[in-house]
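J.: My questions will all concern the structure given below.
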Amino acid sequence: MIPSVLPTYNRAPLQFVKGEGAWLIEADGRRFLDLGAGIAVNALGHAHPALVQALTDQAQALWHVSNLYEIPQQQALADKLVEHTFADTVFFTNSGTESCELAVKMARKYFFDKGQPEKVEIITFDGSFHGRSSAGIAAAGSEKMTKGFGPLLGGFVHLTFGDLDGVTNAISENTAAIMIEPVQGEGGIRPVPDAELKALRQICDEHGLLLILDEVQCGVGRTGKLFAHEWAGITPDIMMVAKGIGGGFPLGAVLATEEAASGMVAGTHGSTYGGNPLGCAVGCAVIDHVANPDFLAEVNRKSGLLRQKLEGLIADHPQVFEEVRGSGMMLGIKCKTTNIDVVNAGNDNQVITVPAADNVIRLLPPLTLTEDDIAEATNRLDAAAKQVENQLEIA
Ligand SMILES: *Cc1c(COP(=O)(O)O)cnc(C)c1O
């Protein structure tokens with residue numbers, strides 16, 4: 001009999017009932033160190049007092065009002081994002097995949113309104129992840145996500161990750177945009193080198209294309225800058241955001257330049273919930289913290305410490321671990337043994353990590369991770385690695 005919850009996930013037999021900072025408390029009372037943060041969502045950790053305050057204050061005043069009316073919390077969050085980024089304008093969604101939908105629509109509408117309706121194609125890269133909606137799976141294009149779901153949304157050209165020559169060769173009179181994650185998340189924490197992001201920006205400028213960055217996972221302070229592309233010193237035309245921006249409240253956004261957004265006039269797009277007062281009140285509190293340069297400096301300092309500890313673990317466990325990669329608090333450990341076994345051994349030792357492609361385990365901890373948490377993370381990952389080594393010896 002089918003379970004009452006549609007069984008699209010393989011779930012670990014853990015039930016968390018409470019969260020405090022970087023810690024999750026299981027129904028049986030055990031405390032787990034959370035290095036997954038709900039897949040880069042709980043940017044300020046669990047039950048951050050400022051977020052609890054923002055949410056409860058707003059909950060007592062007004063939960064929802066439609067986008068047919070002005071929403072001051074939405075205006076405030078848009079103003080903050082415009083102030084701190086390349087963007088001139090923002091549309092709020094409820095998830096990353098909805099941000100992908102709008103990014104695709106915005107790029108196509110831009111060229112349509114410019115009298116170039118043939119420009120519909122978007123170049124994307126293997127290993128990418130842009131969500132599970134029809135545009136998201138077509139954009140990523142992997143067999144794992146698309147098989148059985150055809151006919152797929154057309155107009156995506158899939159290239160090998162890192163293949164810059166391929167990009168130039170793939171551009172035609174039909175090309176509208178390039179879409180890329182500055183650091184691939186699901187793909188196994190694969191950062192795009194700064195020089196390559198710069199080159200993509202230049203290619204877009206030369207060919208009159210739009211650069212769409214998917215910062216759903218790597219954005220909102222995750223890499224130690226408010227947005228990951230800042231490390232490369234470039235700006236996109238359109239950017240997809242979600243995950244961390246709501247700190248746990250379902251919230252996403254599409255940020256764009258005035259030029260790129262010029263086709264999206266009244267009536268061209270909408271969302272019932274997107275940008276509602278509750279989500280935006282929380283989003284404002286998140287951005288107030290994360291956009292603070294002192295906060296980001298601490299993220300960089302502590303992520304440096306964490307990385308140093310992880311390099312030590314790699315050296316101590318050469319049978320289990322191969323290398324550390326990534327940026328800031330978005331780190332991946334490539335495993336030599338099966339990554340799921342390492343994640344499970346982590347669960348046994350009460351430290352939460354997240355598997356990714358390319359046999360990687362991801363560490364996406366709350367950005368508020370403390371030095372004590374880092375020491376604890378090191379001990380628990382060490383214990384998990386020892387457990388995997390013992391299993392190897394027995395086998
Ligand atoms: C998670 C993710 C998405 C999809 O976000 P949802 O909120 O699950 O729809 C899109 N792009 C990237 C890079 C992601 O990590």
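Keep in mind that glycine also has a Cβ here, set from the backbone N, Cα and C atoms.
Quick paste of what TrEMBL says about this protein:
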type	residues	note
BINDING	Gly96, Thr97, Phe129, Asp214, Glu215, Val216, Gln217, Thr272	pyridoxal 5'-phosphate binding site
BINDING	Arg132, Ser271	N(2)-acetyl-L-ornithine binding site
MOD_RES	Lys243	N6-(pyridoxal phosphate)lysine
COILED	367-394	coiled coil
J.: Taking residues 6+ outside the coiled coil (367-394), which of them lie with a CB under 8 Å of any CB in it?
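T.: Residues 21-22, 33, 35, 43-45, 48, 221-222, 244, 290, 295, 299, 302, 305-306, 309-310, 312-313, 316-317, 319-321, 329, 337, 341-342, 345-346, 348-351, 353 contact the coiled coil (367-394) from elsewhere in the chain.
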J.: How many Å separate the two farthest-apart Cα atoms among the pyridoxal 5'-phosphate-binding residues Gly96, Thr97, Phe129, Asp214, Glu215, Val216, Gln217, Thr272?
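T.: Between the outermost Cα atoms of Gly96, Thr97, Phe129, Asp214, Glu215, Val216, Gln217, Thr272, the distance is 25 Å.
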J.: At the level of the C-alpha atoms, what whole-angstrom distance separates Gly96 (pyridoxal 5'-phosphate binding site) and Arg132 (N(2)-acetyl-L-ornithine binding site)?
T.: 9
J.: Got a sec? Which of these binding-site residues, Thr97, Gln217, Ser271, Thr272, has the most Cβ atoms within 10 Å?
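T.: Compared across Thr97, Gln217, Ser271, Thr272, the most Cβ atoms within 10 Å surround Gln217.
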J.: Could you state the whole-number distance in Å separating the C-alpha atoms of Val216 (pyridoxal 5'-phosphate binding site) and Arg132 (N(2)-acetyl-L-ornithine binding site)?
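T.: Their Cα atoms are separated by 13 Å.
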J.: List those of the binding-site residues Phe129, Glu215, Ser271 whose Cβ lies under 6 Å from any atom of ligand 1, in sequence order, or write none if there are none.
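T.: Near ligand 1, sequence order: Phe129.
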J.: Just counting, how many other CB atoms are there within 10 A of the CB of Gly96 (pyridoxal 5'-phosphate binding site)?
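T.: Excluding its own Cβ, Gly96 (pyridoxal 5'-phosphate binding site) sees 26 Cβ atoms within 10 Å.
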J.: Have a look around Lys243 (N6-(pyridoxal phosphate)lysine) and count the other CB atoms within 10 A of its CB, chains all included.
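T.: Cβ-Cβ neighbours of Lys243 (N6-(pyridoxal phosphate)lysine) within 10 Å number 28.
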J.: Are there binding-site residues among Arg132, Glu215, Gln217, Ser271 that sit within 10 Å of Lys243 (N6-(pyridoxal phosphate)lysine), Cα to Cα? If so, list them; otherwise say none.
T.: Glu215, Gln217
J.: Could you pull the average pLDDT for the coiled coil (367-394)?
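T.: Across the coiled coil (367-394), the average pLDDT comes out at 97.
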J.: Across all protein chains in the structure, which of the binding-site residues Asp214, Glu215 has the highest Cβ count within 10 Å?
T.: Asp214
